[in-house]
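Asks: I am attaching a structure below and will ask some questions about it afterwards.
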Amino acid sequence: MAIFQARDVAIKFGRISAVDGVTFDIEPGTVFTIIGPNGAGKTTLFNLISRLYDTSAGTLTFEGRDITNLPAHSIAGLGIARTFQNLELFDHATVLQNLLLGRHAHTRSNLVAELLFLGSVRREELAHREKVEEVIDFLNLHKYRDSMIVNLPYGVRKVVELARALCSEPKLLLLDEPSSGLNTEETGEMAFWIHDIRDRYGITVLMVEHDMGLVNRVSDKVLALNYGRVITIGTAAQVQSHPEVITAYLGG
Amino acid sequence: MRFPYKTDYGQDLDLFKSSSDRFWYGLLALVLLSMPLWVDTFWLGEVSYVFILGIVGIGLMILTGYAGQVSIGHAAFLGIGAYTHAILLSMGTPFVVSLVGATALSTLIGAGVGFPALRVAGIYLAMATFAFNFLVEFVFVRWESMTGGFSGFAVASPEFLGVSFTSGGGFYYICLLSIVLAILLTLNLLRSPTGRALIALRDSETAAQALGVRLARYKTTAFAISAGLTGFAGALFAHRIGYLAPDIFTIMFSIQLLLMVVVGGMGSIHGAIFGAIFVGALPQLIAIMRDYLPDSVARQPGIEPGIFGLLLVLTILFEPRGIYGRWLKIKHYFSVFPMHKKAAFSRQKSYTKSER
């Protein structure tokens, strides 16, 4: 059964349909990639799934549960994490603090216990720290642990954001252009990690990506979007040879 | 240069990071505890005032420095705490109960003020708190049966277990104990999930939401805790000034409180304390300076707010991290001497942000 389903999802900003009747299924343990020219509605679709925008029509289902009308802050708790196209890190906090915030959906905080910093709070913090350290090990972030985000180069920030999303132990991971702003070497690393995320951790990945090299390397399924509508869904090769996709990219 | 060698994740949670920390804070504690023995009553009062300001500074720092919500109405919370405490005392309530009552009421009102903060942000929130300050001032003036209106009323002297401690050591120790407690509770909060959530709120609401942080809950919490601490400080403040009148808790005072956290250094508890020392000492400094200025300048009426404003602008221009930022730089200079390089603290430009 599909882990995530979108049925006839649509959103209108005024009279413009940014996403219009989009339907797709994501099988568990796969990498599902959305491609499309600029302004096709890819990021909007992401914002709909993470509930930052409200859908005008259609339903979103995650693990058989309708999430179309849930508030944005409850999505992480269900097991959906995301990264952002232009980075939304907590700039004036350390890498460690950012990653620990990735654990927020798993905290059972109680204000009084926190004010007194009872033993239970300390134990919980240490447990979170161990989870965070696993992710740090996986993505090689050891030397940046105590650095402020503002002092880090772009490539590292990109990895920190991926790490933060992984810290929430998602079942579905939404990556918005994971390779943008990265050099060839870093993109290659990203491809390895996406494979590992799928194979080692069994996390389903939904990704928006422009770099066709990366798309071909990691995707199990590709969806091509244009003007908010689905053109075609298939393997990377099938989608890229589809005449409408070629038209959408090259014009004509 | 010292490199802390960590062997345990718990070390990152400890309040004191190293043994030298323990030594210096222990020394500070000794100096503060013994102060009544070697300092006269006037200066003891001044130091107590710095402690009270420090508590307000911590409260405002949680809200503005950590949660990123600007308030220019904190004098109102200070006033609410002061009036509640004084009125409760006049009704014969025991000192400690009245202190708790004042704190509780300002916490509640703070949570209430937090609600508009869910809708408005930045400069608009500042304006809303600004309006709140006026509103509270108005209530102090008009609710004559309770507040004594314009003429105000005298605050009963503090008494605990039948012992009065109006001046000197007693009140000093109460203030010292209060600020130590305030610092401890705040540090605990900041190393817990709630403290991190506040930082998340400040730096990116979008990401915070996506990670499961309930914006409404944490904004209200930040306001409530901040107002609670400020109200608590207000109760102590009532004893410090001895006579309450509505013209104390004005916008000017709120701005002075904001100046305190900005000049002290945003986003750190050290900053709040440095700011409190600065704001507490400034009137004395200005008074001393007056003696050396020509009469035509020294007698100008607006000289004090003028200097406050000037300092605020200079801080933002030349040392945005405030006194604490400068302190860190000086410490760094000596710890790496003679290897200091100018670029150590200049940071790269943030990447331009656009729509997500």
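Just so you know, glycine gets a Cβ as well, placed from its N, Cα and C.
Keep in mind that TrEMBL annotations are predicted by a computer and have not been checked by a curator.
Got these off TrEMBL a minute ago, pasting:
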type     : residues  : note
TRANSMEM : B:23-40   : transmembrane segment
TRANSMEM : B:47-66   : transmembrane segment
TRANSMEM : B:96-115  : transmembrane segment
TRANSMEM : B:121-141 : transmembrane segment
TRANSMEM : B:171-190 : transmembrane segment
TRANSMEM : B:222-242 : transmembrane segment
TRANSMEM : B:248-266 : transmembrane segment
TRANSMEM : B:273-293 : transmembrane segment
TRANSMEM : B:305-324 : transmembrane segment
Asks: Name the range, of those listed as B:171-190, B:248-266, B:273-293, that has the largest tally of Cβ pairs under 8 Å with the transmembrane segment (B:222-242).
Replies: B:171-190
Asks: For the transmembrane segment (B:121-141), name the stretch out of B:23-40, B:47-66, B:171-190, B:248-266 with the most CB-CB pairs under 8 Å.
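Replies: Top-ranked stretch among B:23-40, B:47-66, B:171-190, B:248-266: B:248-266.
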Asks: What else in the chain is close to the transmembrane segment (B:171-190), if you only count residues 6 or more beyond its ends and a Cβ gap under 8 Å?
Replies: 15, 32-33, 35-36, 44-45, 47-48, 51-52, 54-55, 58-59, 62, 66, 158, 165, 198, 225, 229, 232-233, 236, 239-240, 269, 273
